[in-house]
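> Provided herewith is a single structure, encoded as structure tokens, for subsequent inquiry.
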Amino acid sequence: MAAAAASAPQQLSDEELFSQLRRYGLSPGPVTESTRPVYLKKLKKLREEEQQQHRSGGRGNKTRNSNNNNTAAATVAAAGPAAAAAAGMGVRPVSGDLSYLRTPGGLCRISASGPESLLGGPGGASAAPAAGSKVLLGFSSDESDVEASPRDQAGGGGRKDRASLQYRGLKAPPAPLAASEVTNSNSAERRKPHSWWGARRPAGPELQTPPGKDGAVEDEEGEGEDGEERDPETEEPLWASRTVNGSRLVPYSCRENYSDSEEEDDDDVASSRQVLKDDSLSRHRPRRTHSKPLPPLTAKSAGGRLETSVQGGGGLAMNDRAAAAGSLDRSRNLEEAAAAEQGGGCDQVDSSPVPRYRVNAKKLTPLLPPPLTDMDSTLDSSTGSLLKTNNHIGGGAFSVDSPRIYSNSLPPSAAVAASSSLRINHANHTGSNHTYLKNTYNKPKLSEPEEELLQQFKREEVSPTGSFSAHYLSMFLLTAACLFFLILGLTYLGMRGTGVSEDGELSIENPFGETFGKIQESEKTLMMNTLYKLHDRLAQLAGDHECGSSSQRTLSVQEAAAYLKDLGPEYEGIFNTSLQWILENGKDVGIRCVGFGPEEELTNITDVQFLQSTRPLMSFWCRFRRAFVTVTHRLLLLCLGVVMVCVVLRYMKYRWTKEEEETRQMYDMVVKIIDVLRSHNEACQENKDLQPYMPIPHVRDSLIQPHDRKKMKKVWDRAVDFLAANESRVRTETRRIGGADFLVWRWIQPSASCDKILVIPSKVWQGQAFHLDRRNSPPNSLTPCLKIRNMFDPVMEIGDQWHLAIQEAILEKCSDNDGIVHIAVDKNSREGCVYVKCLSPEYAGKAFKALHGSWFDGKLVTVKYLRLDRYHHRFPQALTSNTPLKPSNKHMNSMSHLRLRTGLTNSQGSS
């Protein structure tokens, strides 16, 4: 029968296979060539499990602990076949079915105050319909293993909600205790908790079974019979979530809007109906506490509730096959965990301290099929439970493959944060995919954008590091180019000269002309050998000389004859014939005959005194050294030439710049000289006692400081020459002053009308440059003191009382201001600064508006406020100044130009 059942699925069509899986409560994806074998295998397993459950009947469940087969008292024998059928059909047991919580040692004693908490209650009599808890068959990244995820668990359907189970700071649902309350007695002995671990929390509300629900765990027997033969790596899970250390999931209504990708939008309508049903059930799920401590491995703390078992009781075996199927976005899951912690419509998770426990590094064998999805709602679990999760798809029971894990006691504020910082690897087919962060307990919970950014960088860290950056690419290209040119140069240096072929023969096509045509062949061969020997000897000697290892470059005729005689007596007789052929040939054959002088012409062999090679034979390193020296020498010469050109250009540029600067200074000096002469002429008109001319040295000394006179001598001479040649208003005369003759300048006064129209008088206000507003004037007066800039040019001022004209101009401009009590002119200021003190800030503000932005003597006047203490520190005499200052006369000379210009404008407009 089993064989028939095994072969039957192979003959099913795609539609029949889909309907069969739907009949078992599964929701498969599209049937393709890659998914069909997996679906057939799953259907075969479901049928075998169904047959085994029918054979087992009401027998107690068996365990599959490969380490120790000590069997705890079966607590689900009375659960009946309904639960077994529900487990086989993929239906999760109701939260009220708590028969699996009973252990022989009094484990998990349940308060009797809840009449509906046992099987005898109303909830134990009804069976959950199979259609109420479909599971969705999905695939891992390579579609090689099947993952099943309860659709009604997340409330969103598809991968949107399957992905949220693993990283929400929660643990997957627990395995039924009927299947997992078996542990190795030795392991229980080793995992005996410390004395302070046994602290109990007050008992929580008693468990109540919602009406219409019935629990059953009899499917464990069928699994127990064939569990030893099953390969954990090839066993496909039926459920996608499982508790690690007995965590309790937060109600799923908080997660129904979670979306991990945009590929599962078509399942939202179907999954929303599951959400409504699941929400109605989650409202009635009570929480309970154990009255006896469990071993550390089975410690379950819902937000810090410590649940441990006695030493004699079994440990809680945990299965996490497909602990979080399809979880694709870690950061989204952590955001859901944060939402669950805040309790927005969800059960509040207790955050009491989690005790320190230790997990032995022993891998447990697969025990039972995965627990049903709503089982965890009746168990208290710690969101800070930090056991590792085995994410192998066919991994079977919970296994701890890494060395021992320790969990420190967490404060209440860090209990949930610790669980949210747990990282689980999603690689379903790697040898070891357990990740555990060292700073799990101490890492603070980050905000959602920070956590999402952190997870993105985490993904980048595990990505392959074989990317070739642009920096290394540039270095590689540069190195390749350098190597190319280096090899090219070395190849060039290693090449032979063009005069000698590669096999060493002389580069003479026909060494014997018509003159030697009658020579016998044997003599020709002997003569050629003689020339070869001489050529090699002379080339070696010349090469040694060029490389510096020998001081001799040439070989005398006697030495050459002795060398040939040492080689053989036959070469001695042919030596003269060879020399004659070299002289008669007239071509460069690599051997040169030299007489007593280097430029001596040779016509007979008797005149030949020395033999010299024209092609020195040098070693590779000698050639390289000579080439390096030659190239370096030429580069130095080139650089020297470039430097010389740059120096010449720089000097020319410097000369041009200096000439331009001297020309500009000359024109500035001319302007200053003209201003001095004009001002002196105006002063002479007012004061008839003054001479109408000025000595040229006196003008020079008034315009140029003593320390600059030597440097400015050339500029002054050019300015004097320019005035003599180009300025008609200045006349040069010779006058006797103080008994000595001096060259003087006299200003020739133009006509009065032209002066009034064209000539701008000195020390007068010439109008406003811009209007004052909030952008260039503060709305309130800050201090009673002002600092006025650009009122004068100290270089242009002549005499000792010129500062009085500046003070008079300020008082005339502010004639309507009766609050000015002190004016100080800084004669040495290059900015032409004048300081004014008023009686109050209001008077200072009035003066600010009158002076700021005005033209005075061709300069733009600017004003700013100055602190009173700094003003008194600079001018201590102003402390006692309280009398308002007034202009010395009523003519308002500094304002006359404004009246004149206004009058001219009006007259021109009327005409």
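Quick reminder: no glycine exception, Cβ is built from N, Cα and C everywhere.
These numbers come from a predicted model, not from an experiment.
Heads up, here are the entries from Swiss-Prot:
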- 707-726: DNA-binding region (DNA_BIND)
- 63-89: compositional bias 'Low complexity' (COMPBIAS)
- 217-236: compositional bias 'Acidic residues' (COMPBIAS)
- 259-269: compositional bias 'Acidic residues' (COMPBIAS)
- 879-896: compositional bias 'Polar residues' (COMPBIAS)
- 6-50: domain 'LEM' (DOMAIN)
- SER27: phosphoserine (MOD_RES)
- SER144: phosphoserine (MOD_RES)
- SER187: phosphoserine (MOD_RES)
- THR209: phosphothreonine (MOD_RES)
- SER259: phosphoserine (MOD_RES)
- SER261: phosphoserine (MOD_RES)
- SER352: phosphoserine (MOD_RES)
- THR365: phosphothreonine (MOD_RES)
- SER402: phosphoserine (MOD_RES)
- SER777: phosphoserine (MOD_RES)
- THR883: phosphothreonine (MOD_RES)
- SER911: phosphoserine (MOD_RES)
- 19-38: region 'Disordered' (REGION)
- 43-89: region 'Disordered' (REGION)
- 111-130: region 'Disordered' (REGION)
- 140-354: region 'Disordered' (REGION)
- 699-911: region 'Interaction with SMAD1, SMAD2, SMAD3 and SMAD5' (REGION)
- 879-911: region 'Disordered' (REGION)
- 475-495: transmembrane segment (TRANSMEM)
- 628-648: transmembrane segment (TRANSMEM)
> Hey, which bits of the same chain come close to the transmembrane segment (628-648), Cβ under 8 Å, at least six residues off its ends?
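Contacts with the transmembrane segment (628-648): none.
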> Return only the integer: C-alpha distance in Å from SER777 (phosphoserine) to SER27 (phosphoserine).
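If we compare the Cα positions of SER777 (phosphoserine) and SER27 (phosphoserine), the gap is 78 Å.
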> Helix, strand or coil: which one is THR883 (phosphothreonine) in, per DSSP?
coil
> Taking every protein chain shown into account, which of the modified residues SER27, SER777, THR883 has the largest tally of Cβ atoms within 10 Å of its Cβ?
SER27
> Across the whole of the domain 'LEM' (6-50), what does the mean pLDDT come to? Round it, please.
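In the predicted model, the domain 'LEM' (6-50) has a mean pLDDT of 81.
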> What are the DSSP helix, strand and coil residue counts for the DNA-binding region (707-726)?
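Result for the DNA-binding region (707-726), in helix, strand, coil order: 16 helix, 0 strand, 4 coil.
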> Quick one: pull the CA-CA distance for SER27 (phosphoserine) versus THR883 (phosphothreonine), whole Å only.
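Cα-Cα distance, SER27 (phosphoserine) to THR883 (phosphothreonine): 102 Å.
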